[in-house]
Amino acid sequence: MTALLALLASAFWGTADFGGGIVSRRMPVVLVMLTSQVVALVLLTAGLCLPGVHVHIGVYLVYGALAGFLNLFGVFAFYRAMTSGPMSLVAPIAACGTALPVAYGLLRGEHVSVVQGAGIAVAFVGIVLVSGPEFRSGFAGGRTILLALGAAAGFGSLYLFSGLGAPHGVYGTLLAEKLTGIVILLPFVIATGTLKGMEFKRSTVGLAVVVGLGDIGASASYDSAAHSGHLAMVSVLGSLYPVVTSLLARQVLHERLRTVQNIGVLAALGGVVLINV
């Protein structure tokens with residue numbers, strides 16, 4: 001069940017990223033992100049009315065807040081890196097953030113068999129390859145590399161701190177994460193005047209809401225999987241979303257995957273099989 005939930009998180013995140021990429025062509029990225037956070041918070045707040053759902057005060061809420069903040073930092077660094085350097089170098093570096101929760105999990109003594117360890121390594125390579133690395137795509141300066149590493153650290157921290165908070169309370173971790181995102185994004189949107197002159201089509205807003213539903217579905221699935229405490233395995237299986245996004249782009253938008261990306265898809269799937277042996 002743990003592996004299934006982590007894979008479900010990848011499916012949700014991959015679908016949300018695909019939808020986010022489409023809707024970002026129609027409205028500013030920061031508004032897409034804010035809409036996603038608001039949708040999630042509304043659903044989580046409504047869920048508090050359900051019997052048996054409660055949030056207790058504890059340090060795990062800090063983990064959730066850190067996950068929300070550092071994820072936004074990662075997204076910001078990722079987009080800044082892509083504006084100053086080739087995407088085919090930035091994306092693979094950012095994908096390496098998965099190594100952070102994996103390393104933490106292994107260092108704290110999580111038991112992983114030799115076959116599962118090989119699966120984690122193969123899946124990790126697959127994640128990087130699906131991101132489409134191409135080392136002849138242009139020069140990347142030191143600033144671009146630092147921003148890409150910052151993105152990796154931000155994304156990896158999301159998996160790490162969500163995983164640390166979830167065993168103490170999945171619901172509270174999710175609430176803290178999404179609330180932190182709104183507290184940061186809303187003042188930014190207001191201060192920068194992003195909403196001025198914006199015309200919102202119903203279809204665009206609807207798609208942004210769907211992206212938000214995918215995001216909260218992914219976060220809930222990942223945190224539920226991380227509740228088991230197997231952070232090394234869960235973080236890798238929950239990081240396979242680039243595979244889903246790439247396959248959706250291929251099927252829906254008829255984009256062609258490069259050879260290295262096809263190899264990455266196969267490696268990621270092979271890694272999943274090994275992890276679950």
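Keep in mind that glycine also has a Cβ here, set from the backbone N, Cα and C atoms.
Small disclaimer: the values here were computed from a predicted structure and weren't measured.
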Of the ranges 3-22, 203-222, the one TrEMBL annotates as transmembrane segment is 203-222
In the same chain, which residue numbers or ranges, 6 or more beyond the ends of the transmembrane segment (170-191), come under 8 angstroms Cβ to Cβ? 30-31, 33-34, 37-38, 40-41, 44-45, 47, 53-56, 58, 60-65, 67-69, 71-72, 162, 216, 219-220, 223-224, 227
